Each structure stands twice: as structure tokens, then as C-alpha cells.
Amino acid sequence: MTEVLLDIRGITKRFGAVTACEEVSLTLRRGEIHALIGPNGAGKSTLIGQIAGSLRPDAGSVWFDGHDVTALDTAARARAGLARTFQISSLAMEMTVLQNAVLGALGARGRVMRFFRDVMRDSALRAVAREALDRVGLWDVAAHRVGDLSHGQRRQLEVAVALTQAPKAFLMDEPMAGLGAEGSARMTRFLDGLRQHAPILLVEHDMDAVFALADRVSVLVYGRVIATGAPDAIRRDARVREAYLGDEALP
Amino acid sequence: MRAETLLNACVLLALAAVPLWAWVADEPFTITLATRLAILALAGVGLNLALGLGGLVSLGHAVFFGIGGYAMGVLASHAQSYTPLTDWPVLIEGTKSMPVIWLVAMGASGLAALAIGALSLRTSGVYFIMITLAFGQMFYYFAISWPAYGGEDGLSIYVRNGFPGLNTLDPIQFFALCYAILALALWAMARLMRSAFGLALVAARQNAARVEAVGIAPYRLRLVAFVLSGMITGLAGALFADLNRFVSPVMFSWQTSGEIIVFVILGGVARLYGPVVGAAVFVLLEHFLGGLSEFWHIWLGAVLLGVVLFARGGIIGLVVGREVRRD
């Protein structure tokens, strides 16, 4: 059992003349929250895409749990234990909250090619789904159509579906996006407790949340990681201030 | 009971009651009309699996309908002329047995769907529509230019194929057979819609990225759905050929593909009984308006336009509204 669960080794991605990621290396250790910050257009989404498997890097490799997963697609990486939440809620909108959660549990369990048994009466899958929905506080609306949920509830459901996958690591793309102060605070408390289950690679714009949660912070600017370190060190880092944080007072 | 379940039960009962009445009243033509309806509905049930649940707008389902038809035509024509299909490396003879023909029809259309799906499903949207259409046209022109089985003129089978224990030449008995198959397909489809596979397939239609993110590859789901879909439509093709005792390349034409899509859209995309209701409207319009004018398709077009514009969820959606499973 290695300390490092997710190991990104020098990945580079170019789109024509634009280099979106240049020799990016990062690690995610067990039990930590590693925050990835950077100004808009720094290449965060491209990086997330390459880690999750939707984009193939031009160079470098992605190692997960001791295996090179660079050649695996998104679904295979998810089955290996990498659960992703999306910046813009990405759910089956016409289905119910419970159906989305059961889908997550089904993906983790496998055996999808079952054509006759009623999946919503599968007590094992339901139990996993119920536990995840309970934990994010969505069990009360389990029978609601996702399209009828509020924005905040959809953000919570994104996390709940990731929970149903019982992942080894979470890859979260701006879970606080659009949540408002109170919602952000609640999500921050929730993620704080989550790191014991599995480490989180957290892309986030909400600096209060980042500095409250992160064990380590990496700063991505123009496709390069310009600094990695403890929140305090990052706060004091002159290059980071210059490149990204400006002269604002940091929390 | 849910409103849609009630409506479905009524449709299924009506489809049995009308031919039974016609049988008592000695109106064989009405029975044939109902048989035609049941068979076309079955073809639609097949397409609905790909188009409705999977979101795969296939403009090439005539391929499977045609393969089913020609499976019947080829096997039965060899049987009626007492010539084997081939005697090397093994002797394969024709047959007049419906169960054997159905198996061949479903196997052949399943294989064709596997090949076509494996290639087409690498694309999506309008490219998928175009590729499936192109495959359809390939089969169409192949059938036209294949003289061994009638080419453009098609192939007539003089006596309807047999089913153990039934006299298939009796309209009501052949109807009962087709009706039973349709009911069986609807039952299997209802199960499939609630199954693990159905959940994942529908989720992949609504949001493929979500399905991938939980570890399920949408391509495999869609390919399996496409193959099952092709097999059901292929079975319908075999029955359709047996109903008419005739097969021709028209079964492969893109108009046939379009008509099957029309059944699904008229009745209600992804609704279990959508294709049945759609095929019913089609067959009734064809019968009543077709008697008045050969340009009856204008009225079909008007109905289709109305449904598409004003009734999302087709006629079933119009009657019972949107349904979301609540458990």
C-alpha cells in the first residue's frame, strides 16, 4: 500500500499551438485533500479531463493505485476507483434522485447486462444508494425528478453519486460552484469529513473553502504548476501572489 | 393503477377484441388488417429499444425488417422448390417451419445489427442517421440486383409457412400467433425498461458523461441495445413476409425505415406502447384515407406534424402526460 494514490507524471497536452498543460506533475496521497487552484484558462479543466480519462495526454502518464492508467478510458478509470464530480452538474435529468444514485451503485458493482430483474428493487444497490443520499441529506427528495431539484441539491447529488461508487479517490471539479455562502460552508464541512474515506483532488475557486480544507495546494498558471505546498506556504509564496492571488489579502 | 398502464391494457385488449369481433362477423379482411398492425407494431417495438430508450435514431431499421423477410423468403422458396440452399460443406435445406425461420431471421438480423452497430455507433447525431441510412441503401440495392431470389420483382411464397398445432392459413389463427409474439415482446420490453441494463441505457441517452463517470461504457450498452433492437425488427420482418406471402426489396427501402420511425414518434418515443399506438394510427389512416385517395400520406404528415409540434411524448404522452417512475 503506497502513500501516493494518484500520481500524475509530467503530462503535457497541446491543442494546436496552444499548450494547455506543460509537464504537469502532481500527487494525491491517502487521507489528504489536495487543492488545485489557478486563474481562469490556466488549464485546470484540461488537466482534470486527462486525469479522469476523457482526454489523452500528448506526453506523460497517469498512475492510479500503483497502475499506469494512461491508456484506460473514463469508464475503466471509474471502475478502478476514481470517482469524478463535474463542474456543471452532469446527471440524468429526467430520472429520479434515487435512480441516479442507484446508477452509481450499479456502475461500481458491475453486472450491468441484466435484462429482466427490476434494478430498483435490488436491495443491495438500494442500500448503497440510500446511504449515500442520507449522507448528503437528499433522502427526503429521493423520489423527485433531478430536473426539479434546486442547483444546490444537484451539487449534493453529484457528490452522492460519487459516494455510491465507494471510490478510492475523488476528483472534484468545483463542488462549491454557485452554492452561495451557506451552501459552501455546508459543503466544506462535508468534504472535510470525507477525506478519511478517500482523498480528494479538489479544483476550486472558493478560496475560503480551499484554505479551510486543503492539506496541500498546487497552483496552476498557464498550464504549469508554479508551486505546490502547504496552504500557509502557498499564501506567502511571492510567485503565487504575483501570478494569481494579486495583492488581495488572503484568508 | 397508473394512467399509462390502464391505457396500455385498453390498447392491448382492443387489438384482441376487434379481430375477434371480425371473426364472429366473418370479416377476414379486418383480421388481416389487425395482423398487419400487430406485425408493424412489433417492428416498432424493436426500433423503440434503440431509438426510444437508447436515443439512437436509426434510419436503417429496414435492413433488419428486410433480412427477416428474406430469411423467410429464401428458406421457404427452397422448401417449395425442393432444392437445398447449399450442399457443401453441409447440406442446408429450406424449411416451411415458422419457428426455424424466426430463429434464422433473428440470428441473421442480430449479426447484421452487430456489424452495422459496431461501425455506426462510433458516430452520433446526424452522422449516425446518415450511416445507418447508407447501410440500408446498400442492402436495398443488393436485394434488387440479386437475381437468385427475384431481384426487383421479389419472391412469392404460395403457401404460408406452418406452426406446430396451428392452421396458419386461417386468418384468426395467424393473427393470434402474431398477437402472442407482440405481447411477449412487450412483456420482455417492460422488464428490460426496469432492469439494470435499461436504467443504464436510458441514463446514457440523457447524459453519456454521467454513465461513463460511474464506470459504464455507453458504447457497449448501445451496441447491445442495437443488436436486440435489430433482432426484434427482424422477427417482425419474417412475420410480415409470411402475412403477405411475398418479399421484395421494398422491405429494405428507406421508406420502410421511415415508416417504422413514424410509428415510434406518433405513439410516443420511449413509451412501452408507443409503437403499438403509432402503428395503429398508421394502419387505420392507410386503410380509411388510402381508400379515398392515393395521396393519403399528406394526412399522415399532418398528423405527424401535429404530434411533433404539440404532443411531446407522442399520442400516449398527450393522453396520460409525462411519467416519471417514483420508486
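Just so you know, the numbers here start at 1 and follow the chain as drawn.
Using the three backbone atoms N, Cα and C, a Cβ is placed for every residue, glycine included.
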According to TrEMBL, which of these ranges is transmembrane segment: B:126-149, B:198-221? B:126-149
Stretch-level contact, the transmembrane segment (B:172-190) and the transmembrane segment (B:260-285), CB cutoff 8 A, at least 3 pairs: yes
Stretch contact, the transmembrane segment (B:38-57) with the transmembrane segment (B:297-320), Cβ-Cβ under 8 Å, 3+ pairs: no
Note: vs the transmembrane segment (B:126-149), the recorded stretch with the largest number of Cβ pairs under 8 Å from B:62-80, B:100-119, B:260-285, B:297-320 is B:62-80
